[in-house]
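Data first, discussion second: the structure below is written as structure tokens.
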Amino acid sequence: MYSGAAAAAGPPRRDFISVTLGPEEAVGVGGYNNSKAWRRRSCWRKWKQLSRLQRSVILLLFAFLAVCGVISYTSMGEAWKGITNKSLDEQRTEQEIPGLKLANPAVLPAPQKADANHGDYPELSLQKPPKPPHVRRGPSNLQIKAPRRDMGLKTRHDTIRAVEEQVEADKVEKTEKSIISWRGAVIEPDQSTEPPSSKIKESEKPSSVEAEDQKEPVPINERQLAVIEAFRHAWKGYKDFAWGHDELKPLSKSYSEWFGLGLTLIDALDTMWILGLKEDFEEARKWVANDLVFDKNVDVNLFESTIRILGGLLSTYHLSGDSLFLEKAKDIGNRLMPAFKTPSKIPYSDVNIGRGTAHPPRWTSDSTVAEVTSIQLEFRELSRLTGDEKFQKAVDEVMKHVHTLSGKNDGLVPMFINTNSGQFTHLGVYTLGARADSYYEYLLKQWIQGGKKENELLEDYMRAIEGVKKHLLQRSEPKKLTFVGELAHGHFSAKMDHLVCFLPGTLALGAHNGLAADHMKLAEALIETCYQMYAQVETGLSPEIVHFNLHAQKGHKDVEIKPADRHNLLRPETVESLFYMYRFTGDKKYQDWGWEILQNFNRYTRVPTGGYTSINNVQNPSNPEPRDKMESFFLGETLKYMFLLFSDDIDLINLDKYVFNTEAHPLPIWVPA
Ligand code: DMJ
């Protein structure tokens, strides 16, 4: 049977077992007797024939095999138990994630804690899918969805691809939805626009666009798409070269800082919302959440930071319903308050928002009249939202004080006011351009914002328009364009800033709100003039300042431009007024004029690598001399008003529900509780 080392050389030693099969026992040799008795007898005989040593060795061998058998049985039992448990785990996993099969369960790492190594293999964890980056109020289509649970978890790569595919699918879904159903933002006034006396409770905050989403969507048209394209081009430049900085320098592919507060990004937030650029909005929102810090040792201009930053944050809060923007608005609002700590309560021009100190410009203790009287819409709204009346009190006091001041000329105000005495300075110069412009605009708009009850504001506004008619209106030659000039110590100057082109829009808004019908007539005449300030120029773009011809001269147009005034800063005022005019008249010529202007911006100010630039010479189409700067108001105002001008949807920022601040940030009109 078994010969052990029988093959070893030399005679067998006694220590070895030698088992030899006899010929009769060999299977297949001779006859085969398979009876049990014979086999039992035969085995016993053999056993007896063995020596004692051989028997002991065989017994020992059996004992050893028996022990091995027991040991291996125990470990097989464990293994069996393990297999049984694993298959239970698999069953549980199947229940949690239907359809999920682990390709190779034995090598999967044990489930980790949510925060352990999550950057590497989040998708391999059998825990819940990751939470979305933030949960926010506002339209559901702006919220970031968590990955679907039924994606299947095979390999890390597969899972990432699945997530990417889902994101792509969501993108397409979002884009399609935005094009067909985005309506901009309208809030229900009775939910969110009570005057400041009643503090807004958490539950009463704006419901954003939900109610409007029920309405039949108004499709976006070709011209609006062109504005979206222009915005995206401008935004690309800002994103690529100036992200988080104040202004893009599109030619040098860099940026400039003014306050170091991401001015362009904040100014553009509500434009992105209105244009339906939700992904760009989300990205910018993240910057506001993570990187916008006001605790900085930096001097900011009170007026500019109020209209662009505070105004931008407040309107974005209203449109999106996202409390992040209100929190940031409160922060900057509080930090600007030291400006009002002056002997006269007329605020200083500059505030250090980190140190909490304020001061006038180095060379004077005067502030600009337009600046101290064009921060009211924003601070009043901040009081209404927070229930803290200090903001409104400070700015109302300025208006009340200015209302009583002497030095006006039939409602027209000088350009400077002293922060110590509270009196106008540099008397005798009157303009509706730089340094005075938005004083007039905010008289009307505060009156509208407050529900048309604050009579002093209306009085001042009406008187001022009479003053404009009496002292500043003239007609040019040869086309007899009505324009608004300036008055300096009794002398009329036929100079008109492009800034004055806010006036037709404001006059039209007043007429729409029930003021004198002749305001609308004047608005129609003035918007024609503002359009001619573009149309009569070689590039089709307006210069910063024009001088009108009062006398017909052969070969001369109405508009003359001085070499120092030839620049164009991508300003919004004409487009702004075109928007109001179209809203209130429905006359398509206003849209056509705006379309021409957009095309000329594209022709002469668009920088191929991203962004638009202000130019130095609107009279030279072959070299308009790019200035290498894109002002934040191009995105905050100019393109926003373009988009609204081309829209036929009066609910896309309904002018009976919203009033725009002077930086084109819409704020709600208050209605009585
Ligand atoms: C903007 O900041 C505001 O519109 C302001 O009222 C005037 N200047 C620029 C745009 O031209």
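One is the number of the first residue shown, and numbering goes on along the chain from there.
Glycine is no exception: its Cβ is also placed from the backbone N, Cα and C atoms.
Just so you know, TrEMBL annotations never went through curation; they're auto-generated.
What you see is a predicted model, and the numbers here were worked out from it, not measured in a lab.
Among the features that TrEMBL reports, active site, proton donor is placed at Glu304 (among others). Taking a C-beta cut-off of under 8 Å and a sequence gap of six or more, Glu304 (active site, proton donor) has these contacts in its own chain: Trp258, Phe259. In the three-state DSSP scheme, Glu304 (active site, proton donor) is classed as helix.
According to DSSP, Asp437 (active site) is assigned to a helical segment. Less than 8 angstroms from the CB of Asp437 (active site) sit Ala370, Thr431, Asp497, Leu499, Val500, Phe502, each of them six or more residues away in the same chain. For Asp437 (among others), the entry in TrEMBL reads active site.
Other C-beta atoms found within 10 angstroms of the C-beta of Glu544 (active site, proton donor) number 20, with every protein chain shown included. In this structure, Glu544 (active site, proton donor) belongs to neither helix nor strand by DSSP; it is coil. TrEMBL lists Glu544 (among others) with the feature active site, proton donor.
For Glu573 (active site), the same-chain residues 6+ apart in sequence whose C-beta sits under 8 angstroms from its C-beta are His498, Leu499, Val500, Cys501, Phe502, Gly505, Cys530. Summarising the annotation, TrEMBL assigns active site to Glu573 (among others).
All protein chains considered, the CB of Thr662 (Ca(2+) binding site) has 27 other CB atoms within 10 Å. If you look up TrEMBL, you'll see Thr662 marked as Ca(2+) binding site.
Per TrEMBL, the feature compositional bias 'Basic and acidic residues' maps to 199-216.
A helical conformation is recorded for Cys530 (disulfide bond) in the three-state DSSP classification. Residues or ranges marked as disulfide bond by TrEMBL: Cys501-Cys530.
Residues or ranges marked as region 'Disordered' by TrEMBL: 110-155 (among others).
Look at TrEMBL and you will find 183-218 (among others) tagged as region 'Disordered'.
According to TrEMBL, the transmembrane segment annotation covers 56-76.
A 10 Å cutoff on Cβ-Cβ distances gives Cys530 (disulfide bond) a total of 29 other Cβ atoms nearby, all chains included. Between Thr662 (Ca(2+) binding site) and Glu544 (active site, proton donor), the C-alpha separation comes to 18 Å.
For Cys501 (disulfide bond), the count of additional Cβ atoms within 10 Å of its Cβ stands at 29 [all protein chains shown]. Taking Glu304, Cys501, Cys530, Thr662 as the candidate recorded positions, the subset whose CB lies under 6 angstroms from any atom of ligand 1 consists of Thr662.
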